[in-house]
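> Encoded as structure tokens, here's the structure I'll be asking about.
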Amino acid sequence: MSFNIDMALKQRASKTLENEMKSKKSYTKIFLKGMVWLNAMTIALILGSMFLNVSVESMQHIMTMELLSAVSISFASVIISMAFVIIIGIPIAFVLATKKDKKYKYMEGIICLPMVLPPTVAGLALLMTFGRNGLVGGFLNSLGIAIPFTILAVIITQIFIVSPFFIQIVKNEFQTIDPKIIEAAKVCGATDAQLITKIYMPIAKRSIFTGLILCVLRALGEFGATIMFAGNMVGRTQTLTLRIYSLYQIDIMQGVSLAVIQLIMILLVFFALKHTTNKWIHKR
């Protein structure tokens, strides 16, 4: 009799514990979903508030040749800078992912510094390096080459700011590749160049494209370092973001209208790149 009572008590305790666990899981799910919805709604509210302040009149005022020039400079500079980011970023990511020497860890820290630098500090550092009296700029100036306040300065700024993000994303993916695959390729006589192009890049292609998309969007929105190093000259170095700043100083509503246009353009670029990336990856 006592055995049956003990069994009944154990079963009841087990059911109680099971119900408590289910209840906790339910509350956890509600909390997690709530956090996602809260974050999404907050961002939608903040961005949506700009759309509510756009007027037809302000849109008409900003549709000028200066706007077309700013858009052209933004996209032309991003295309060129992203090409350089890919060319230099993948080999650097390969070295950082495969070399175990301690000195490369210190180098990685230096390479990642632009990620944490305030934009104005990054811009001033570039100016002090490539300016007329800078470490590199002084020599270039003697050859008649001037970088600051030119389209080249815009491109250099973008490369300096966004390349560490690309390198980190690709490096982290490279480190997840099965060492046995690499060893087998080395046994077959594969060189580092062959390892990168035949093994690392194909396996990490999704992360490479993800990093590229992130860098494109970050470069399109670059402001602080660009204005310090390249200036804000209409038709020469004024990007879309700098154009918003200029209009904001004249009429805040015009600045808001252009900000909405840039937001739409960035979203279109994001979805276009995402769609193209997924399509290309699935085909391969």
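Yeah, the Cβs are placed from backbone N, Cα and C, and that goes for glycine too.
Residues or ranges marked as domain 'ABC transmembrane type-1' in TrEMBL: 71-273. Residues annotated as transmembrane segment in TrEMBL: 30-52, 72-97, 109-131, 143-167, 208-232, 252-273.
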> Per the definition of 3+ C-beta pairs under 8 A with sequence separation of 6 or more, do the transmembrane segment (30-52) and the transmembrane segment (208-232) touch?
no
> Output the single range from 109-131, 143-167, 252-273 maximising the number of Cβ pairs under 8 Å to the transmembrane segment (72-97).
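The listed stretch sharing the most Cβ pairs with the transmembrane segment (72-97) is 143-167.
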